[in-house]
Amino acid sequence: MADTLKISNFQFGCICFTYLSGFSTLFFNEAKILQQDVWMANVSAIVLSILILWLMKHVQVQYPDKTMTEIYQVLLGKWLGKAAVVGTLLYAVSITVLTLRALSLFYTTAILPHTSPELIMLMLVLTTSYSVYLGLETIVRTVQVMLPLFLISITVICLLMIPNVETNPFLPAFHSRLPEIAYGTLLSYAFPFGKGTLLIFLFHRIGNKKRLMAGTSIGLVLSCAYLLIATYLAIGSLGTNLMKSATFPFFSSIQLVKIGLYLERIEIVIIGIWTVFTLFETIVAHYLFTTIVSELFRIQEPKRFILPFGLLFFAIGTRSYVRPTELELYNTTILPFSTLLPTLILPLILGFLTLFRGQNGNRRLRDDP
Amino acid sequence: MISVLVCIANLVYGTSQSIRIWKKRRRSDAVFLLVLTLYITGYFVPFTAPYWPTVQKVNRALFQPISDFLLHFLQIRTENP
């Protein structure tokens, strides 16, 4: 945790892709509303996400020596800035708890029906705590090692799914109403693309900040492409009605894959690889939470707080979304609105404050102690 | 059973680390860790657990009316068939 080494733009791009794609193919909430028109929502959400990250990169470049937590306090004032960072911390808790619950629900539904969700969440929390303890460099290096493995296996499984596509997944096109597309965009921005705004708290750790958007944009666009490919393969394999009613549509469609007459249950292998991949999302969220809290409260030894923060996620997780329907209802009705403040409104305010203050104002602020 | 074990482990770890930090004269850090430990314990104690805030409860209280209004206004159905 006390690591201060810089990471490269390529490594940050890998983190972006991993962080956004871990859970993106689990529920397909926006596809369940828009079906064939889902690409409009996903593309709009990814464009919005790239714009927000570009704006925040501009903010970070104006204050190259400061962390994002400090920039919040410089631009919004000490107490308002701290309140805004606390709001972001609540958002980080929200998505970490959602991730823990979603993964435990997936495991208890798909492969471990007799295992307690609490036990799965505890194992996840212990794993993420250990990873955060090892530091950002270790996390980034591990992502670089695991990413090709994941990409190869998911490409193979997608190719094997193509023969199961019986209906044209793109037709009928343009049948959704404008409000539905707008709400689908909101859903897609809330989960998964808006989560990317938490990564702005890693911007000060990147070596070459001026070329930051190149790696970030590639990571974001690839995660959008992966989500779209998975969505349309699921629609084509299952049909729209089954896709809308399935809890985990992508894995239901992977279950249909068979190689010859002897190799079945390919999804079990995929679940193993996918679990490792999804863990990175929780690890990055846990790491960011620990970093932001230690910056906000000026904690000198953040390593001692890693396990308690993990246990905090576990404790809140045991009391949240106990029934699967609660999780689904929260994801589709509350999450799109609750994420707007930390992922869209606050970055926009910070971006416009920086743009309007101009270079002179920034120089004066930078000189302030 | 798991929750009880985690609660005990949390109390033991939090208290021991708080004492260790206190001895290094970083008292604000020690108090913060102790408060955090006691707050986490609240989620496992049967008397306090129902009243302890979760993100789900807070966000539902804040955003449910907005969500209900907008979904009704835009005539969007989110439930599965």
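Each Cβ is built from the backbone N, Cα and C atoms, and glycine gets one as well.
Nobody curates TrEMBL annotations by hand; they come from automatic prediction.
Annotated in TrEMBL:
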- A:7-27: transmembrane segment (TRANSMEM)
- A:39-56: transmembrane segment (TRANSMEM)
- A:83-107: transmembrane segment (TRANSMEM)
- A:119-136: transmembrane segment (TRANSMEM)
- A:143-162: transmembrane segment (TRANSMEM)
- A:182-203: transmembrane segment (TRANSMEM)
- A:215-235: transmembrane segment (TRANSMEM)
- A:268-293: transmembrane segment (TRANSMEM)
- A:305-322: transmembrane segment (TRANSMEM)
- A:334-356: transmembrane segment (TRANSMEM)
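Panel annotation: around the transmembrane segment (A:334-356), residues 48, 52, 55-56, 58-59, 62, 71-72, 75-76, 84, 87-88, 90-91, 94, 98, 183, 186-187, 189-191, 194-195, 197-198, 200, 362 of the same chain, lying at least six beyond its termini, place a Cβ under 8 Å from a Cβ of the stretch. Highest Cβ contact count with the transmembrane segment (A:182-203) among the listed stretches A:7-27, A:39-56, A:305-322 falls to A:39-56 (criterion: pairs under 8 Å). A Cβ distance under 8 Å defines the sequence-distant neighbours of the transmembrane segment (A:7-27), meaning residues of its chain 6+ beyond its ends; these are 99, 102-103, 106, 136-137, 139-140, 143-144, 146-147, 191-193, 195-196, 199, 202, 205-208, 211-212, 214-216, 218-220, 222-223, 226-227, 230-231, 247-250, 277-282, 284-285, 328, 331. Across the candidate stretches A:83-107, A:119-136, A:143-162, A:215-235, A:305-322, the maximum count of CB pairs under 8 A to the transmembrane segment (A:268-293) is reached by A:83-107. Long-range neighbours of the transmembrane segment (A:305-322) within the same chain, counting only residues 6 or more positions beyond its ends whose Cβ lies under 8 Å from a Cβ of the stretch, are 1, 93, 96-98, 100-101, 104, 118, 121-122, 125-126, 128-129, 132-133, 286, 289-290, 293-294, 299, 330. Cβ atoms under 8 Å from those of the transmembrane segment (A:119-136) belong to residues 1-3, 5, 7, 100-101, 103-104, 107-108, 112, 142, 202, 205, 279, 282-283, 286-287, 290, 303, 306-307, 309-311, 313-314, 317-318 of the same chain, restricted to positions at least 6 beyond its ends. For the transmembrane segment (A:143-162), same-chain residues at least 6 beyond its ends with a Cβ under 8 Å from one of its own Cβ atoms are 11, 14-15, 17-18, 226, 229-230, 233, 237, 253-254, 256-257, 259, 266, 269-270, 273-274, 276-277, 280.
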